[in-house]
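J.: Feature list, courtesy of TrEMBL:
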SIGNAL    1-20  signal peptide
DOMAIN    32-140  domain 'Ig-like'
DOMAIN    148-243  domain 'Link'
DISULFID  CYS194-CYS215  disulfide bond
DOMAIN    244-339  domain 'Link'
DISULFID  CYS291-CYS312  disulfide bond
Amino acid sequence: MHRLLLLGCFWLLTAPTVSSIFQRPTGSPAPPRLQYLLEPLHSTVHTQRGATATLPCVLRALPQNYRVKWSKVEPANYRESIIIITNGLYHKNYGPLSPRVHLRHSHRYDASLTITDVALEDEGRYRCQLVNGLDDESVSLTLHLEGVVFPYQPSNGRYKFNYHEAKRACEQQDSRLATYQQLYKAWTEGLDWCNAGWILDGTVHYPIINSREPCGGRLLLPGVRTYGAKDKQKDRFDAFCFTSALQGQVYFIRGHLNFKEAGQACRNHGAAIAKVGQLYSAWKFSQLDRCDGGWLADGSVRYPITTPRERCGGLPDPGVRSFGFPSKEMRTYGTYCFVGK
């Protein structure tokens, strides 16, 4: 008898796709009001990279035989990835999030999902689904990372990335392709950029605060302009990258260094030459403010300004300024280094 019970529990936990046969057909009536799940007080959970975040999912009653399934909606391919399944007694983790997730289980009605060491790719929409025989109900929550969006292009000029190259370029700079929501929020906070760039869902946009002739004309209202979905292999644009808080520190080493010497100077201090996303993060979250141009890992030279002033570029708004990609042999700049915690 005990073996049968255990086998039944194991089946419950190892059949993540079985609920798909019970999905309602298109055009069916809207699902009824929640019977077993409590509607969360707040549908968005705010966090930062490296933190621990909990997505609430609490039952008001326990059906006799039920499962709770957590999944993440992936905007790049419009699919749901299963994270964890529980029947109240046992649970099983799935996918790349598996080592960093567990059920909070502060009481027997609690099926909340806790994510430790939150990563950039964890941002997005999650679903807590209760399956009870032929009936199911669910609540959706959004995990929102505080961060900063920045436009990125390679050393050989604008509009050089297809989608996959743009995705890789952001990841190489300690960031990831921004979502539309992240780009829109950055626009509301002042991001004004005339070059179109890829975002995570494979669409292409550019944010405009000040309407002007080279950016669609003066008659168009400010906004996030869109080119829509483009061919991920053939079409080429820049990238909009997103990064969040650092698990470490960015600092400046003064000197007249070429690119190779800049990297060595950081290594001499037990650090690495900083990536573009790390500099943006230090500017955003640590208020790093320096008027000195410094080498970064991609061969660009930039400097972060928190308090705008005349002698530091003269621009009226805070930001990370760029000198582009000078010759790596030039001995003109210092270097920005990153050391992890």
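Each Cβ is built from the backbone N, Cα and C atoms, and glycine gets one as well.
On a predicted model such as this, the values are computed, not experimentally measured, just so you know.
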J.: Got a sec? Which of these disulfide-bonded residues, CYS194, CYS215, CYS291, CYS312, has the most Cβ atoms within 10 Å?
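T.: Compared across CYS194, CYS215, CYS291, CYS312, the most Cβ atoms within 10 Å surround CYS215.
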J.: Counting by DSSP, what is the helix, strand and coil composition of the domain 'Link' (244-339)?
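T.: Breakdown, helix to coil: 20 helix, 31 strand, 45 coil.
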J.: Looking only at the domain 'Link' (148-243), what are its DSSP counts of helix, strand and coil residues?
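T.: Counting residues by DSSP class gives 22 helix, 30 strand, 44 coil.
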